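The structure under discussion appears below in the form of structure tokens.
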Amino acid sequence: MSQANLEFPESVAAAPRGPYRGRFAPSPTGPLHIGSLVTALASWLDARVHGGTWLVRIEDIDFQRNVPGADRDILASLETLGLVPDEAPQWQSAHLPRFEAALAQLQAIDRLYPCGCTRREIADSITTVDAQGRLRHQTLIYPGTCRNGLMGRPPRAWRVRLPDADAATVCFDDRWQGTQCQNLAEAVGDFVLKRADGMWAYQIAVVVDDAAQGITDVVRGADLLDSTPRQIYLQRLLGLPAVRYLHVPVVVNAAGEKLSKQTGARAINRSQPLAALTEAARHLGLEIRAADMEGFYRAAVPAWAHRLAQLTPAA
């Protein structure tokens, strides 16, 4: 079956590409902090500059990491900050049938296979210094052990089958970071779409949900830049619309680590929303001086447009 003949069931049908639709997609692993606010603000401003729609999607399918009540706390913080989505928020955990349907489509075109390897076995199979050094976000480069069969092992996970050599190279133009290229076979190998614990991998879930919601533009942190080629590859396999990407610099702590709950990020102070917004804008290269939130947003939208113009004429 050719890629052009792929048809999704209605549950995973992609909305047609049209006017700008962006989104902020936090995971409910803790309260909103300055690092995630930077991404939320950038995505909101980008939607406003382009006269588009801004959505919020709670990416809560990694149930082991979810913090009870964090989703509602994040939404409450966004509302206090004036970042209110144009449509009702969605929860990724409500979309599991979409992901199953996408997996079935990939299996139908022989781009999916079961894997019985453990992480320890994969690590032990990587013996050269060069291979050990080629890790992306602590993702082991899969050597393809189960490509031709499980060899008596029980299936643990499901992996996408990549093409060989240069056919596995994906390039895209990031609106902030510039042209990016990655050879998926060399950088990550056949990557997991459904994990051994039954959880869905981020790569397949975000691709399917973005398409279903008609997302045209993704604005997010540069820590996810490395994931983008995998997502573009899946979009192409599934015949989904292309998405434009903009990856903003991540906020780091004094040790140079990405600011997160694990590295001591503090929750946004909802009693001082203007101060939080001003700090987030500064991380984006925007110096906004305003007496109130209305004045902040009135100044921030044209400031973001000017910031984009400094990056690239096509932004």
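Heads up, the Cβ atoms here are built off N, Cα and C, so glycines get one too.
Annotated features, as they stand in Swiss-Prot:
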BINDING   Arg23, Phe24, Ala25, Pro26, Ser27, Glu59, Tyr202, Arg220  L-glutamate binding site
BINDING   Cys115, Cys117, Tyr142, Cys146  Zn(2+) binding site
BINDING   Lys261  ATP binding site
MOTIF     26-36  motif ''HIGH' region'
MOTIF     258-262  motif ''KMSKS' region'
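Helix, strand and coil content of the motif ''HIGH' region' (26-36), in residues and according to DSSP, is 3 helix, 1 strand, 7 coil.
Here the candidates are the binding-site residues Cys115, Tyr142, Cys146, and by Cα distance the one nearest Arg220 (L-glutamate binding site) turns out to be Tyr142.
Predicted-model confidence for the motif ''HIGH' region' (26-36) is 95, expressed as mean pLDDT.
Rounded to a whole value, the Cα-Cα separation of Arg23 (L-glutamate binding site) and Cys117 (Zn(2+) binding site) is 35 Å. Cβ proximity to the L-glutamate site centre (mean Cβ of Arg23, Phe24, Ala25, Pro26, Ser27, Glu59, Tyr202, Arg220, cutoff 8 Å) flags the following additional same-chain residues: Arg57, Ile58, Val206. The L-glutamate-binding residues named in the record, Arg23, Phe24, Ala25, Pro26, Ser27, Glu59, Tyr202, Arg220, extend over a maximum Cα to Cα distance of 16 Å. Comparing the binding-site residues Arg23, Arg220 by how many other C-beta atoms lie within 10 angstroms of each C-beta, the top residue is Arg23. Taking Phe24, Ala25, Pro26, Glu59, Tyr202 as the binding-site residues under consideration, the smallest Cα distance to Cys117 (Zn(2+) binding site) is found for Tyr202. On the backbone, the CA of Ser27 (L-glutamate binding site) and the CA of Tyr142 (Zn(2+) binding site) stand 26 Å apart.
Candidates Cys115, Tyr142, Cys146 (binding-site residues) were compared with Pro26 (L-glutamate binding site); none lies inside 10 Å Cα-Cα. Distance noted between the C-alpha atoms of Ala25 (L-glutamate binding site) and Tyr142 (Zn(2+) binding site) is 28 Å. Taken residue by residue with DSSP, Arg220 (L-glutamate binding site) is part of a strand.
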